[in-house]
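Reading through the structure tokens given below for one structure.
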Ligand code: HEM
């Protein structure tokens, strides 16, 4: 049966796992008592149990303006500002110019605040789009993102009590860790969109 374009790769490991349980002697494409006639996506005798959930294939972004997802639009800012914070810390370490410590304070604050706003749009998408809510990968992304936001918040809050003294060593360490975490969060978010096709348009328009 042809695969729906919204069927995702996170289905594959479960299908393979089920294949081992059912034995290897089935001819390809022959159903060994697997569910039939449900109108569900099925690859030979196997199917993903979460495909039974209502709205499983409904993965289009709904938190969007004219079809453009707000989450994808907003995450660029905290990602860029996290890198800016680390860069400003490095320049402060190199030059000792307090301008860079002040720049890092502002970049850290904006990274956190816009990050919270971006996470809000992502959370709405996660909770209200059935096909996104059903997939474990989306929840994994949310978990990584919450860790990131905690570090971004700590990095900003620590600097509020003396932005110059805060940079070395703990400020720059927090910034370095933030860069790693924002990379992990963004990379995983990209997987949701490009590999699993979450938050995309069904019509392609
Ligand atoms: C709890 C918070 C978050 C949740 C629940 C969440 C959820 C999602 C979901 C469901 C998607 C799939 C696309 C969509 O439906 O719009 C996505 C994509 C993405 N997320 Fe998040 N997200 C959160 C926070 C963040 C944060 C803080 C960042 C980075 C600063 C981030 C970076 C990304 C990126 C880069 C994408 C791919 C966007 C694209 O290429 O179109 N997310 N996120």
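Cβ atoms here come from the backbone N, Cα and C positions, even for glycine.
Note that TrEMBL annotation is computational and uncurated.
Positions annotated as region 'Disordered' by TrEMBL: 1-51.
Look at TrEMBL and you will find 11-20 tagged as compositional bias 'Low complexity'.
According to TrEMBL, the feature domain 'DUF2231' maps to 67-201. Mapped onto DSSP classes, the domain 'DUF2231' (67-201) shows 112 helix, 3 strand, 20 coil.
Only residues 6 or more beyond the boundaries of the transmembrane segment (75-94), in the same chain, are considered here, and those with a CB under 8 A from a CB of the stretch are 100-101, 103-104, 107-108, 110-112, 114-115, 118, 122, 152, 155, 164, 167-168, 171-172, 175-176, 178-179, 182, 186, 189. If you look up TrEMBL, you'll see 75-94 (among others) marked as transmembrane segment.
Among the features that TrEMBL reports, transmembrane segment is placed at 106-129 (among others).
Per TrEMBL, the feature transmembrane segment maps to 136-156 (among others). Listed by sequence, the residues of this chain that lie at least six past the ends of the transmembrane segment (136-156) yet keep a Cβ under 8 A from its Cβ atoms are 10, 78, 82, 85, 105, 108-109, 111-112, 115-116, 119, 122-123, 126, 171, 174-175, 177-178, 181-182, 184-185, 188-189, 191-192, 196, 198.
What TrEMBL lists as transmembrane segment is 168-187 (among others).
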